[in-house]
Amino acid sequence: MAEQKILTYLPVLPSGELMGSAAELLGAAAQLGTPVGVIVTTPGVSQAAAESAGELGAATVYVAEHEAVGTTLTEPTVNVFTTAWESVSPEAVLVPNDIDGRDLAARLSVRTHSAIAADVVGVHRDEEGIVAHHSVYGSTFTTESATTHGTLIVTLREGAVDHRGQAVTPEIHRVELGELSPHAASITEFSASAEASTRPDLRGAPTVVSGGRGLGSAEGFALAEQLADALGAGLGASRAAVDAGYAPHSLQVGQTGVTVAPDLYIALGISGAVQHLAGMQTAKTVVAINKDPEAPIFDIADMGIVGDVFEVVPQLIETLKGQNS
Ligand SMILES: Cc1cc2nc3c(=O)[nH]c(=O)nc-3n(C[C@H](O)[C@H](O)[C@H](O)COP(=O)(O)OP(=O)(O)OC[C@H]3O[C@@H](n4cnc5c(N)ncnc54)[C@H](O)[C@@H]3O)c2cc1C
């Protein structure tokens with residue numbers, strides 16, 4: 001088993017820091033075999049990123065640096081990944097289930113004629129090979145998938161795997177990226193569509209506070225923000241709250257929004273429609289505050305408070321502030 005190589009894509013911030021998904025991808029890889037990382041950065045930051053990958057369990061890291069990384073979409077990563085793939089013949093490939101990860105998975109699948117298991121919430125190995133777990137039909141069922149032959153490409157849902165790799169000193173291989181195709185899609189200009197937030201990113205935050213229509217207005221939604229800040233949590237919203245303009249679409253949790261799997265999910269004034277549950281039902285602990293005792297969110301909540309959010313949440317925030325001081 002130790003010989004089975006599991007190739008992981010480790011996205012890097014412009015500062016050279018590994019993104020939060022790296023620990024989880026390498027942890028999932030360590031459950032299956034020997035984790036191998038792939039890092040593609042702008043010049044000057046790859047060494048530190050590769051060493052960080054070793055601390056998270058990457059036995060080998062393939063690194064490439066290029067000026068065009070950051071302004072050219074996906075192609076540099078696919079090229080480096082293909083080189084690493086040819087070199088290690090991986091049994092499985094793990095990438096984050098985000099926009100870049102899914103793009104990478106699709107291109108690798110075409111290039112290597114390999115199967116994809118998408119939005120995976122866990123992995124294990126049986127006597128025939130690697131098995132991916134999926135949470136389906138609004139998280140009502142868990143199913144499993146596996147390839148009949150070849151390498152399995154997995155897009156892993158952030159926050160779903162707890163296992164972590166053991167720190168090692170990684171073997172670092174430098175890969176020359178070479179000329180990029182003139183057809184590679186590149187970014188010529190961009191403008192920020194959302195204000196930068198100091199809160200943890202909704203995807204991957206260990207605690208998420210989400211607000212729903214029950215908060216009544218954009219001003220009322222500030223209560224969810226205050227509780228999130230008191231807990232150091234990521235902030236989410238139901239679609240009804242987003243549609244009503246209480247919160248931006250980037251915060252929408254659910255079937256047509258972001259899928260999260262935090263340790264703790266706190267739902268404020270959210271009824272628990274199946275489309276919302278689809279995005280948060282794999283949270284380890286769900287706490288719901290709702291004034292309707294019949295609200296369906298209580299069916300899946302580990303702890304429920306029947307009450308008015310405007311009475312309960314300020315008390316909760318005061319208690320938390322008291323504990324922190
Ligand atoms: C194709 C499709 C895709 C969809 N995708 C999504 C999705 O991705 N995400 C999503 O969230 N929804 C999605 N929806 C919408 C979904 O069906 C629900 O309409 C939505 O989730 C409801 O949001 P809500 O719970 O905030 O609002 P409501 O259902 O209106 O619930 C509000 C809740 O707040 C409670 N409440 C009111 N006032 C208070 C108070 N003062 N204190 C405490 N509780 C209070 C009420 O009792 C109620 O339970 C989708 C729908 C469709 C058809």
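From the backbone N, Cα and C atoms, a Cβ is placed for every residue, glycine too.
For Arg213, 238-239, 252-256, 269-276, Asn290, the entry in TrEMBL reads FAD binding site. Summarising the annotation, TrEMBL assigns domain 'Electron transfer flavoprotein alpha/beta-subunit N-terminal' to 8-189.
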Got a sec? Which of these binding-site residues, Gln252, Gln255, has the most Cβ atoms within 10 Å?
Gln252
Which of Ile270, Ala273, the listed binding-site residues, has fewest other Cβ atoms within 10 Å
Ala273
Chain-internal residues near His276 (FAD binding site), provided their CB is under 8 angstroms and they sit 6+ positions away:
Gly212, Ser238, Arg239, Val253, Gly254, Gln255, Ile270
Collapsed DSSP category at Gln252 (FAD binding site)
strand
Would you mind checking how many other C-beta atoms are within 10 angstroms of the C-beta on Arg213 (FAD binding site)?
20
